[in-house]
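J.: I have a structure here, written as structure tokens, and I will follow up with some questions on it.
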Amino acid sequence: MTPDESQTSVKTSQDTRAGRKAAKKASSDQNNLVSKDKAGAGVDRGFALLAKFAGIFILIILAFVAIFLTYNSFEAIYREDEGLVIGRFLSYAWPLIVGTLTVSIIALCISAPVAVGVALYISHYAPPRLSKSIGYVIDLLAAIPSVVYGAWGMVFLSGYLANFYVWVHEWFSWIPLFAGTPSATGRTVFTASVVLSVMILPIITSVAREIFIQTPKLHEEAALALGATRWEMIKMAVFPFARAGIISGIMLGLGRALGETMAVVMVLSAGSFTWSIISSGNNTIPAEIARNFGETGDGTERWHQLIAIGLVLFIITLIVNMVARWIVSRNKEFSGAN
Amino acid sequence: MSKNITAKNLNVYYGDFLAVEGINVEIAKKSVTAFIGPSGCGKTTFLRTLNRMHEVLPGARVEGQLFLDDDDIYGPGVDPVTVRAMVGMVFQRPNPFPTMSIRENVLAGYKLNGARLSRSQADDVVEGALRGANLWNEVKDRLDKPGSGLSGGQQQRLCIARTVAVKPDVILMDEPCSALDPISTLAIEDLIAELKQEYTIVIVTHNMQQAARVSEKTAFFNIAGTGKPGKMIEYDDTSVIFNNPSNEQTERYVSGKFG
């Protein structure tokens, strides 16, 4: 609650109190207005309280998670017998951080253009009936459980991509990303990225579609009346209007990709760090935690490291969100929100 | 550049619904023509067929012919984009592009033609268009500020500048002053009087005094009832329409008996 709001609520309660006093005084004068709507005022106050509680509740949960993570992370970098062991933790953490970011960013690079294209097709190109059914199918993609995606990626997709990796390696092995021995099973970082990209596609698409549909007719017609083609109209009127929405959609997708666990656990045959995205190896933070947490004894250094790496993921997601907000709020003057 | 407009037996449909029926009209170049009539009578619909903007709505279509000088804009193979580059339009509510600066707004249409402009050429285009829209003196010091920061009347003149910048043959105005205060309205009306030296102007207005002030010719549209098509009832010199109309419906409308 902002100070502003709390002030007003204090004021209201004083007002009602003063009102009641006045009501007692004035009852002899028969002023009917003063005593009216007492029940309504009670409900009003009750609701304000409820809303306040709900707001605080979220903060408390967030604080608990943050405190739990921070408290338990400490022993990952400080052991009582050895002192500071930051170096050991870092050498454990960095491949996982790089792996997580690589998988997510590749997924985003595949997904974002496709999602924006699909959203545009639904909102501005497809005939109304078709656009409805396409939108429905895209939303269905979001309803598929991640285990199913994992199974699909592991059994079906990886087999096909394995042949592709051999080909890529043959021609592009001079690029470090395609340098290592191509995985025979195809269960690599790139395969995991492809699976993730399908999983985040519906999120980005639906956010982008919603915002594209809201483009003011006024601006679309302004562009058309100047002699713009449909694509030029989209560039002039739709994209500038939807920019913030597209970015927040992409960030939502990135958030999902960063945190996705099950699909990565199943698809990726994890291993030590390698720059190659077509060899087996690498791992992501959530997959690492999921694979090992159950088998690690409470309070061991490994256990603390797993918690600490979770905190790192938490911070990365936080930074992603803050950057997204910053991008959205930049150039507010030109946003059209005024 | 400026062109005559000729409509021959023009019908406008929304799906199966006949919205406007049997328009025959000749609009002379370098003149101001006003469309008046009660709400829903099809004057805006007809105006939008003059640059094929009605096609934005799904199911809207036109029968008949509409000539710009000698070219039928509904002829086979004619791209509406070409038509709209020749026939500019100013809308009811000012609609500068909110993410663009004043300068970019003026150049928006110009850049669509794929013209590569040097900085100084672009400056000339901007200045010329803004002077043409009587806006230059008010905005010359803040060309890089967003267009949405201007007042409503200034925004509308910015939209006119944007339209003028692409050098159209015809400028259509759909109730351009209905969202503006009287002083801004006066500024737009003065501007219309200047623009007709170079352009054919067609304006839809609900304000009969405005039609009387700015136009040389006036067309009165009316509708027989809900669900019936709108028709052009009378088209004549503005002075005739307002002082001595030949049709009884026109007479009743301009004298304020209905509408």
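Every residue gets a Cβ built from N, Cα and C, even glycine.
Given the structure is predicted, the values throughout are model-derived calculations rather than measurements.
Annotations for this protein, taken from TrEMBL, read as follows:
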COMPBIAS  A:1-16  compositional bias 'Polar residues'
DOMAIN    A:97-324  domain 'ABC transmembrane type-1'
REGION    A:1-30  region 'Disordered'
TRANSMEM  A:46-72  transmembrane segment
TRANSMEM  A:92-122  transmembrane segment
TRANSMEM  A:134-152  transmembrane segment
TRANSMEM  A:189-213  transmembrane segment
TRANSMEM  A:233-254  transmembrane segment
TRANSMEM  A:261-278  transmembrane segment
TRANSMEM  A:306-328  transmembrane segment
J.: Name the range, of those listed as A:233-254, A:261-278, A:306-328, that has the largest tally of Cβ pairs under 8 Å with the transmembrane segment (A:46-72).
T.: A:306-328
J.: Near the transmembrane segment (A:92-122), which residues from the same chain, at least 6 beyond its ends, have a CB less than 8 A from one of its CBs?
T.: 131, 134-135, 138, 189-190, 192-194, 196-198, 200-201, 204-206, 208-209, 212, 234, 238, 246, 249-250, 253-254, 257-258, 264, 268, 272-273, 277, 282-286, 288, 305, 308-309, 312-313, 316
J.: Is the transmembrane segment (A:306-328) close to the transmembrane segment (A:189-213), in the sense of at least 3 CB pairs under 8 angstroms with a sequence gap of 6 or more?
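T.: They are not in contact.
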J.: Which residues, given as numbers and ranges, are at least 6 beyond the ends of the transmembrane segment (A:233-254) yet have a Cβ under 8 Å from it?
T.: 104, 107-108, 111-112, 115-116, 120, 124, 200-201, 203-208, 210-212, 214-216, 219-220, 222-224, 320-321, 323-324, 327-328, 335-336
J.: Which sequence-distant residues neighbour the transmembrane segment (A:306-328)? Criterion: at least 6 residues beyond either end, Cβ under 8 Å.
T.: 65-66, 69-70, 72-73, 76-77, 89, 92-93, 96-97, 100-101, 244, 247-248, 250-251, 254-255, 258-259, 285-286, 288-289, 292-293, 296
